[in-house]
Every structure is written in C-alpha cells, then in structure tokens.
Amino acid sequence: MTAPHIATSWIIAPAILPAITAAIMILVRRRDIEMQRVLSVASTVALLGIALFLYQAVSDGETDAYRLGAWPAPYGIVLVIDRLSTTMLVLTAGLALAVLLYAIAGWDRRGRHFHALFHFQLLGLNGAFLTGDLFNLFVFFEVMLIASYGLMLHGGGAKRLRAGFQYVAINLIASSLFLIAVGLIYGVTGTLNFADLAVKARAVAANDQALLQTGALLLLLVFAIKAAFVPLHWWLPATYAAASAPIAALFAIMTKVGAYAIIRVFGTVFGDGAGAETLGAVAAPWVVPAALVTLAVGTAGLLGARRLLDLAAFNTIASMGTILIAIGLFSVDGLTAALYYLVHSTIAGAALFLIVDLIAARRPNKLDALVPCNPISQAPVLGALFFLVAIAVVGLPPLSGFIGKLMVLDATYDAPRAWLIWTTILVASLMMTIAFARAGSTIFWKTDGQTTGPGWETASKTPMVVVAFLVGASLMLAVFAGPAVKALHATAGQALDTQNYVNAVLGPQENTEPERPITEPADEATTVPVPADTQVEEH
Amino acid sequence: MELIVSSAIGLMTAAAVYLILQQRTFPIVVGLTLLSYAINIFLFSSGRLVIDKPPIIGGADAYTDPLPQALVLTAIVISFGMTALIVVLALRGFLETATDTADLPEDDFPDETETGT
C-alpha cells in the first residue's frame with residue numbers, strides 16, 4: 001500500500017462536487033437563472049482548483065487510490081489518480097469553465113436545466129477519468145452520456161430531435177457492446193478492477209485467451225465509437241452540427257474520453273506483456289490503420305463541408321485520427337505526442353465551434369453556410385480570431401497545432417510504414433489548410449452590401465473574450481511547449497507502466513493473491529466486513 | 001440449460017439486430033430493448049450458470065457468483081432509464097416532424113434560425 005498521501009481524500013472531490021452542485025440546482029435554484037449562473041461558475045472554478053491541486057499532488061509520479069467505504073482494492077470500488085487522469089481532469093475543468101462563460105452570454109436560457117445537466121456531464125467525465133475498474137467506467141460513461149443527451153437536445157427543434165435520436169440509439173448499442181465485453185472479461189478473469197485485471201489477464205489459461213481477446217477487441221470497438229474512429233464516426237457530424245455551439249465545444253472533450261479509455265485499458269491494463277504476448281498487442285494492429293483512415297475521412301469531410309459547423313465537426317474527426325495514430329504506437333514517445341495533441345485539439349476544437357457560432361450569429365440569412373453574404377459586424381476581430389483558430393487547428397506555426405503535429409511525425413519516424421503515416425498527415429494538413437482558407441475567404445472577403453449583425457454596443461463581449469482566451473491557451477501551450485512536453489513525457493511513461501499502477505492500487509505484491517471468493521483482507525490497514533455468519537437457508 | 005440460455009441470447013440478439021436495422025423509430029426502440037434483455041442474460045452467464053444457490057459468499061457451502069447479479073441490476077436500471085428517454089425522444093420526434101423515420105432529412109442549410117448571443 002502506498003504511503004498516506006495528502007491528496008487521498010480529495011480524489012473523490014471532482015466527482016462529488018458536480019453531483020452536489022447539479023442536485024442543488026435542480027432542487028433549490030430551479031427558477032433563478034442568475035443564482036444558477038453564479039453557483040455554476042463558482043462550482044466550476046472550485047473544480048478547476050481541485051483538479052490543479054490533484055495534478056500537483058501526483059506530479060511527483062505517485063499513483064494514488066481512494067477506496068470507497070475502505071474496502072480493499074480488488075473487491076471494493078477504487079478511484080485512482082495518476083498524472084494521466086489528473087491531466088484530463090485539469091483539461092476538462094478548464095474547458096468547462098470556458099464553455100460555461102460562453103454559454104452564460106445567452107445559450108443557457110434556451111432550455112431548462114442547462115446548468116444542472118452541465119454539471120452532471122462533468123460528473124460523468126471526471127468519474128470516467130478517475131475510475132479504477134471496468135464496470136464503473138461503464139457507469140460513468142452512461143452518466144456522461146445521459147447528461148449529453150439532455151445537453152444535445154438543449155434548445156429543442158425538430159432537426160435536433162432527429163439527430164438526437166440517432167445519437168442516443170448509437171450510444172445505446174455501444175453501451176450494449178460494452179456490457180458484452182465486460183461480461184466476457186469478467187467470465188474469463190473473474191475481476192473487473194483494472195489493477196487486478198492487469199495481474200489476472202497474464203495468468204489466463206491458453207484456451208480462454210480467445211475469449212479474453214474477443215472481450216478486449218469489443219472494448220476497443222466501444223471506445224472507437226466514443227472516439228469517432230472510422231468506420232464508427234458517422235454519428236458525429238450530425239450530432240455535433242445539430243448541438244448548440246457551447247455544447248459541441250464541451251463535446252470536444254467527449255471524444256477524448258474514448259482516447260483516454262484506449263490509453264488506460266490498452267496501455268496501462270493490458271499493456272506491458274499482459275496476457276503473455278498477445279493481449280497487450282491485440283489492439284495495436286487495428287489502431288494505426290483505422291486512425292489513418294479516420295484522418296483521411298475527416299480531411300475529406302473538411303474539403304466537402306458546405307457549412308462552417310461541418311468544418312468544425314469533421315475537424316474533430318481529423319484531430320482524433322491524428323491522436324490515435326500516435327496512441328496506436330503504444331510507445332512513450334507516441335503517447336507523449338498523442339497527449340500533447342489531445343490537449344491542443346481539445347482547446348482548438350472547442351474554440352472553432354465557438355467562433356463558428358459567433359460568425360453564424362452575425363449572418364441572419366445564411367448563418368454558417370459557406371456562401372457569400374453581407375459583411376458581418378466586427379469582422380476584423382472575428383476574422384483575426386478565425387484566422388488564429390484555423391492556424392491552430394490546421395497545425396501551422398506558431399500555435400500549438402504545429403508542435404503537436406511535429407511531435408506526432410517525430411514519434412512515428414521509426415514506426416512500420418512510417419512513409420504512409422507521414423504522407424497521410426502531411427497531405428491531410430495541406431488539405432485542411434485549403435479547406436480553412438476557402439472558408440475564411442468566402443466568409444470574410446466575398447462580401448457585398450450592408451453590414452449585418454449586432455454592433456459593438458449591443459453585442460456581448462464575453463464570448464469573444466472566451467474565444468480569445470482559448471486561442472491564448474493554444475499559444476501558451478506552444479510557448480511553454482518545453483515544460484509541457486516534459487510533464488506529458490512523464491505522464492506517458494507512467495501511463496504505460498502497468499506494474500506501478502498495480503502496486504499503487506493493490507499494494508506491492510508477488511502475484512500470490514488468492515482466488516475469488518475472498519475472505520481475508522488484502523490490505524493491512526482496513527478490515528473487510530465479510531458477511532461470514534450470514535445464514536442462508538437452503539430450500 | 002446451457003443450450004436454452006445461449007439460444008435465448010442468440011435469438012434475442014438476432015431479432016434485436018434485425019429490428020435495429022429498420023429505418024423506423026419504434027422497431028429500433030423495441031430492438032434496443034431486446035438487445036438489453038439479451039445482454040442482461042449474457043451477463044448472468046458470465047458468472048457461470050448455477051441453479052438453486054444463493055448469491056452470498058460464506059452463507060452456504062456453494063454459492064452463485066454475486067457480482068454478475070450486481071452488474072445486471074445496475075445494467076437493468078441504466079437500460080430502463082435509457083429506454084424511457086429514447087421512447088420520449090422518438091415520440092417527440094414523431095410529433096414534431098410527423099414522420100417516424102430515423103434518418104435525417106437531406107438539406108444543406110440549417111432550418112433553424114437560432115444562434116447564440
């Protein structure tokens with residue numbers, strides 16, 4: 001067992017805080033939108049603070065576990081933090097704060113319970129990053145998805161309902177597959193705890209290997225649906241284009257949950273020789289080719305986009321492709337590049353959705369269609385912001401996308417078929433540049449007639465500040481790329497270190513853990529309330 | 001017993017897949033429900049099939065694995081909520097668009113005039 005750490009009891013806070021906030025908002029502050037906004041922002045700021053605190057607490061490389069109800073690890077529920085999960089927590093909280101400030105400028109009035117759903121969504125996201133076992137990953141996925149259904153439909157409208165039905169149906173099918181995978185893995189190994197699974201998967205009998213691999217590949221399929229892998233990406237453009245802008249921006253982190261789950265399960269749990277030579281490697285042959293096709297399809301979608309929102313949605317797919325190429329290497333360098341690109345693309349992708357919304361709001365007739373229109377108000381500022389966001393997204397210097405792509409290229413230098421990966425990434429970048437240049441020039445240059453949209457006096461300044469803040473974050477990520485890459489390199493190393501994770505959760509061990517069922521505590525500090533004298537009468 | 005359980009799972013899954021592949025919302029909802037039944041039974045079987053034994057460790061000589069029962073319970077609750085949601089969604093969609101097809105209408109331009117700020 002790890003030494004008691006100052007942060008241990010705070011691990012559960014990122015899951016509990018949004019839950020309490022959301023409950024208060026439903027029960028007490030239902031009618032009072034101003035109060036909801038204050039509470040919502042205060043709670044999100046607190047969440048960011050807690051996330052930063054946890055990040056700091058594990059920045060020495062320690063992996064920390066919180067055992068709910070003090071049940072020892074493989075039998076109770078554990079929440080685990082390490083560098084990877086705290087990085088994701090900080091990213092989520094930061095993005096949530098930006099999106100919330102943007103939404104407060106008007107979007108949150110369009111339907112009821114925006115703020116409550118928003119915090120339930122944060123609960124699901126944070127829970128998914130914290131959880132230490134497979135079934136709770138499923139549960140938190142569901143929490144996240146239920147809230148996202150509500151948020152996606154937020155604002156109503158026939159088109160949104162239709163797209164929402166598809167989104168819900170596809171995710172229900174994905175959830176079913178998840179349960180099948182959970183059942184298969186539990187049936188073979190008898191455990192769902194990540195750390196325990198990492199140990200037990202190595203000792204699986206040879207004739208059960210096929211079942212375990214099937215379970216693992218089904219899991220990969222589920223995460224691929226979440227991450228919008230080709231050919232499982234078809235739900236994404238319709239959903240994101242139908243969702244309201246701040247929600248689509250928040251959803252930028254939802255695809256990344258799929259990427260996180262792939263890293264966690266196939267990097268940490270099944271990686272490092274788990275299941276003899278087979279299980280850790282079972283995902284690898286699929287990830288890189290699918291990621292390449294994902295990038296190609298995303299780029300093709302960008303070129304074919306006739307609306308700005310399609311541009312933003314297909315950009316999400318293309319950026320997931322780039323991330324997954326780097327993840328698919330399952331090496332420390334690859335993962336470092338993937339994490340850097342993940343952070344960058346979350347920020348830049350969200351900024352893109354928000355700037356698209358700002359532009360559409362100023363084109364009352366054409367909205368976000370890529371057709372010539374009247375000049376829009378505040379064109380210089382919006383144009384500059386769009387230009388910067390496009391630079392970040394496409395991966396041109398000086399913003400973070402350039403360094404991200406460079407790192408991905410560098411990491412794939414020695415990979416098999418590196419020429420194919422390099423060609424795809426470079427050609428895709430060129431195509432993306434063309435797509436964004438075309439969009440920008442159509443909207444800002446091919447204009448005619450009277451200026452439309454609100455003037456400086458009436459327009460709310462907050463949304464633009466938020467977008468500028470996100471662009472600034474991308475710039476900071478590029479300026480401080482050195483320290484960032486160093487931290488992410490350590491994160492990647494830790495994420496691939498299965499033994500460290502196992503030791504932190506189960507305690508140092510020599511692979512002598514007893515078979516299930518268990519009647520003795522595996523942890524010296526806690527006692528297990530085994531229902532030993534429960535008498536059950538046979539009948 | 002194994003044959004009954006596995007064929008039940010298989011039949012329900014096959015029916016579910018057939019229904020889900022329809023283009024109308026009601027068959028899809030029924031298909032998803034069938035799929036969740038099939039998967040709940042499948043989850044039960046992941047703890048091995050045992051007859052007439054309590055799911056309590058230490059209470060009797062033999063027992064059936066309690067964990068899948070807990071998993072199934074959670075899965076039932078979640079799928080119940082999800083089914084309720086998707087039924088409401090299908091109904092709202094039908095009432096607003098007067099059609100129960102599940103595909104999206106083909107149009108290049110947004111039919112909604114709402115925007116932010």
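Cβ coordinates are placed from backbone N, Cα and C, and glycine is handled just like the others.
Quick look at what TrEMBL annotates:
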- A:6-27: transmembrane segment (TRANSMEM)
- A:39-58: transmembrane segment (TRANSMEM)
- A:88-107: transmembrane segment (TRANSMEM)
- A:114-131: transmembrane segment (TRANSMEM)
- A:132-428: domain 'NADH:quinone oxidoreductase/Mrp antiporter transmembrane' (DOMAIN)
- A:137-155: transmembrane segment (TRANSMEM)
- A:167-189: transmembrane segment (TRANSMEM)
- A:209-229: transmembrane segment (TRANSMEM)
- A:241-263: transmembrane segment (TRANSMEM)
- A:312-332: transmembrane segment (TRANSMEM)
- A:338-360: transmembrane segment (TRANSMEM)
- A:381-399: transmembrane segment (TRANSMEM)
- A:419-445: transmembrane segment (TRANSMEM)
- A:509-539: region 'Disordered' (REGION)
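Under the criterion of 3 or more C-beta pairs below 8 Å, with sequence separation of 6 or more, the transmembrane segment (A:338-360) and the transmembrane segment (A:241-263) qualify as touching. Counting Cβ pairs closer than 8 Å and at least 6 residues apart in sequence, the transmembrane segment (A:419-445) and the transmembrane segment (A:312-332) reach three or more and so form a contact.
In summary, the transmembrane segment (A:6-27) lies against the transmembrane segment (A:114-131): three or more C-beta pairs, each 6 or more positions apart in sequence, are under 8 Å. With a threshold of 8 Å between CB atoms, the same-chain residues lying at least 6 positions outside the transmembrane segment (A:114-131) that come near it are 11-12, 14-15, 18-19, 21-23, 25-26, 36-37, 39-40, 43-44, 47, 77, 79-81, 85, 88-89, 92-93, 96, 100, 103, 107-108, 137, 139-148, 150-151, 154, 250, 253-254, 257, 260-261. Long-range contacts of the transmembrane segment (A:381-399) within the same chain, counting only residues at least 6 positions beyond its ends with a Cβ under 8 Å from a Cβ of the stretch, are 315, 319, 344-345, 347-349, 351-352, 355, 358-359, 362, 405, 429, 432-433, 436-437, 439-440, 443-444, 464, 467-468, 470-471, 474-475, 478. Counting Cβ pairs under 8 Å to the transmembrane segment (A:209-229), the stretch among A:88-107, A:137-155, A:241-263, A:312-332 with the most such contacts is A:241-263. Non-local neighbours of the transmembrane segment (A:312-332) in the same chain are 227-230, 233, 236-237, 240-241, 248, 252, 255-256, 258-259, 262-263, 266-267, 271, 280, 284, 287-288, 290-299, 301-302, 305, 338, 341-342, 345, 348-349, 352-353, 356, 393, 404-405, 407-408, 411-412, 415, 421, 425, 428, 432, 489, 492-493, 496; each lies 6+ residues outside the stretch with a CB under 8 Å from one of its CB atoms.
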